[in-house]
Structure formats: structure tokens, C-alpha cells
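Peer 1: What Swiss-Prot records for this protein is below:
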type     : residues : note
TRANSMEM : 11-31    : transmembrane segment
TRANSMEM : 61-81    : transmembrane segment
TRANSMEM : 96-116   : transmembrane segment
TRANSMEM : 127-147  : transmembrane segment
TRANSMEM : 156-176  : transmembrane segment
TRANSMEM : 179-199  : transmembrane segment
TRANSMEM : 202-222  : transmembrane segment
TRANSMEM : 264-284  : transmembrane segment
TRANSMEM : 295-315  : transmembrane segment
TRANSMEM : 331-351  : transmembrane segment
TRANSMEM : 366-386  : transmembrane segment
Amino acid sequence: MPLRSTFTRFFAMEAASGLLLIAAAILALIINNSPLSWLYNGLLETPVVAQVGALKIAKPLLLWINDGLMALFFLLIGLEVKREVLEGQLAKPSQIVLPGAAAIGGMLVPALIYWFLNRDNPPALNGWAIPTATDIAFALGVLALLGKRVPTSLKLFLMTLAIIDDLGAIVIIAIFYSGTLSTLSLMLAGACIAALVAMNRMGVVKLGPYMIIGLILWVCVLKSGVHATLAGVTLAFCIPLRTRNAEPSPLKALEHALHPWVSFGILPLFAFANAGLSLSGVTLESFTHHVPMGIAVGLLLGKTIGVFGLTWMAVKTGIAALPSGANWGQVLGVAILCGIGFTMSLFVGSLAFEPGSSEYAGMDRMGILTGSLFAALIGYAVTAAASRRNNTLAS
């Protein structure tokens, strides 16, 4: 009962967050295509400086959101992954097989489609990872519109798949989207990680020391050339889940505290800051460029083929079973919903094509918004139709 109650609360929060993300993205599109566009762009380009002694970090507001606030989002992802691995849906190998296979297919096929369409354009190939991402809040938000017509097992399947997908995105960012490395900063970051691990081993359960060293780690990683958001994941993996004296779990306490701030503050703010695509000069021909086409087709078709195809193979070979109470039509609908890349795709896109420094910076958003929109609409329609059929057969 506690597990179901926890999942219900989590699902409700993710669903509400998904709807808020949609509103934030629509608002950004409206403002950036109105007479107030100067205010929108001027606000995001506002320089913000943080200085302590000789240490100075100067970035426009947009990068403080993408590098700073999103580190808290990745901290939350890291906490969720650690909890799921130690005592949740990822704790038993048998529970990982189906969503794990689906997640792998959902990353490989979109990347291959994007590569195929852009193989003759080396600068554009830097965006290969953009369509590999799934926005868990947005996808669960759409699925929530179907209510009890969708079995809980299918919602758990989507949630677990998305968590594994997020873990894959973390690995991709660490390996493929890091800049020129600073040896000194990496050494200092290593010292911070060593201190965090030592505190974990010594049984330190107070969150304060972890957060202070985590902030220092973020600065070191930011200066090192590795993307700063990875500091959040590293910090999460060092926060203890269990305690020796039956005290409240530090990991669960931090996860509980962060969740509403990330879901209803950071992610909508990120969507508002990054989804404001200017439609000036955009024509139907713009969507035929291989970058937006590769992203949109990768999200809509690549995710569907990859997730559904690997799920079908896993079930037909007998290494996994369909989620209890679900039919193949519902699985197909969920596979299509996995093509809602949105915030995660926008984030990877900001790394692949930096705003203001790449000719593809606007094109990637065209592909992300188009692919995500069609994935949401078609995925909802397919899942709804399959759920009606399932309920009819059951009655």
C-alpha cells in the first residue's frame, strides 16, 4: 500500500508538471513572436555575475538556468535512480529487462535515423543525441489524461523506462558533450567527490555538509569543461539512502523536498527559457532541412520503432512479459509517447548547438517541438483507442 500510495503521488505530481510545461512552452512561443520579443530575449541575455574573492562566474541568465538550476534537476534524477536501483523498480533484474530493452531501443533507433539524414553534414551530426531523450513529466502528463483506463503497470513501465532513458542521457552528456578539460579543476572536483564518499562511508546523515561540498563540486565541474549538471548526479549518488540508527532517510528527505521545486519551478522555467522559437521566416520548407527533420522523425518514428520493437522482441523471446493488464495497442501508444523529448531534448540541443553560436540552434527547437507535439497527440489517440478496446473486452 505505501508503494502504491507513493507512486500515485509521484504520478500525480509528474502529470501536473507536464501540463505546466506545456503552458510554459506555449507562453514562450507567444511572447517571442509578439511585440514583446525584445523583452523575452533581453531578459535571457541579461548578464548575471557571482563573485567570491578571486572566483568569478559571469554568464547570461539563460546559461544560469541551463547550467545552474538544471543541476538541481539532475540531482533529483540521480536521487530517483539511486533509490530505484537500491529498493525500487530497478532493484530486481527481472524488473529491469523490459523497460531496459525498450529504453535502449528508444535511444539507438532515433540516433541512427538522425545520423542517416545528416550523415553528409559533419557540423549537424553533433545533434545526434537530441532525439534520444524522453521527457518523463510531459509523457506521464499526457498518459494521466486517460486516468484509470490505463493500468498502473503500464504507467510504471513508462516511468521506469524514462528513468533508464535519463540515465542514458547522463552518460551521453558526460562522454560526448564536454568541452576542453581543465586538469586543476578536475583534480579539485575529484577531491570533492572523495570527501562526499568519505562522509557517506562514515555515516554522516545531515544534508548540510553534502550540499555545501556539492556546491563546491558544481563550481569545480563548471570550470573543468565537463558539463556542470553532472555535479548534481554525482552528489545524488553520494547521499545515503539508509541510516544506521533508523533515522529518516536523507536521500528520501532531499528527494521529497526537491520534487515540487523542480517539477513546478525549475522545469517550467527551463521550458519557458528554451522553447521560445521565433517563427519569423519559418516556412514549410524550413521543416524539410535535415536537422529539424532528423530530430522530429527520430522522436516520432525512431522512438516508436525502438521502444515498441525491443519490447516486442523481449516478450516474444520469453525474457520478459507484457505489463500486467496491458495490451499491445497500449504498449504502442506508450512507445509513441516516449517520442515526447521536450525538456530533455531541448537541454541536449542547447549543448549540441549553443544558442547564438550555431546556425542550427533554432532548427533543433523546430524539430523538438514538432516531433514532441505529434508524439503527444498520436500517442494519446492510440493509447486511448487501445484502452477502450481493452475495457470493452474486459467487460
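Glycine is no exception: its Cβ is also placed from the backbone N, Cα and C atoms.
Explain the structural surroundings of these features, please.
Peer 2: Within the chain, the transmembrane segment (61-81) has long-range Cβ neighbours (under 8 A, six or more residues past its boundaries) at 43-48, 90, 163, 166-167, 170, 214, 218, 222, 227-237, 239, 251, 254-255, 258-259, 261-262, 266-267, 269-270, 273-274, 347, 350, 355.
Beyond its flanks by at least six residues, the transmembrane segment (96-116) meets 89-90, 125, 127-132, 134, 157, 160-162, 164-165, 168, 294-295, 297-299, 301-303, 305-311, 313-315, 319-321, 323, 335, 338 of its own chain at Cβ-Cβ distances under 8 Å.
Beyond the transmembrane segment (127-147), the same-chain residues lying 6 or more positions past its ends with a Cβ under 8 Å from any Cβ of the stretch are 11-12, 14-19, 21-22, 106-107, 110-111, 113-115, 118, 154-155, 158-159, 161-163, 165-166, 168-169, 172, 176-177, 263, 267, 291, 294-299, 302-303, 334, 337-345, 347-349, 352-353, 360, 364, 367-368, 371-372, 376, 379-380, 383-384, 387.
Sequence-distant contacts of the transmembrane segment (156-176) (same chain, six or more residues past either end, CB-CB distance under 8 Å): 7, 10-11, 14, 74, 77-78, 80-81, 84, 89-90, 95-96, 98-100, 102-104, 106-107, 129, 132-134, 136, 139-140, 143, 226-227, 229-230, 233, 307, 323, 326, 334, 337-338, 344, 348, 351.
Panel annotation: around the transmembrane segment (179-199), residues 209-210, 213-214, 216-217, 220-221, 223-226, 231, 234-235, 238 of the same chain, lying at least six beyond its termini, place a Cβ under 8 Å from a Cβ of the stretch.
Here the transmembrane segment (202-222) has Cβ contacts under 8 Å with residues 55, 57, 67-68, 71, 75, 185-186, 188-189, 192-193, 195-196, 228, 230-232, 234-235, 238-240, 243-244, 247, 250, 253-254 of the same chain, all six or more residues outside its ends.
Packing against the transmembrane segment (331-351) from elsewhere in the chain are residues 21, 25, 66, 70, 102, 106, 127, 129-135, 137-139, 142-143, 154, 157-158, 161-162, 165-166, 169, 172-173, 177, 227, 267, 270-271, 274-275, 295, 299-304, 306-308, 311, 322-323, 361, 364-365, 368-369, 371-372, 374-376, 378-386: each is 6 or more residues past its ends and has a CB under 8 Å from a CB in it.
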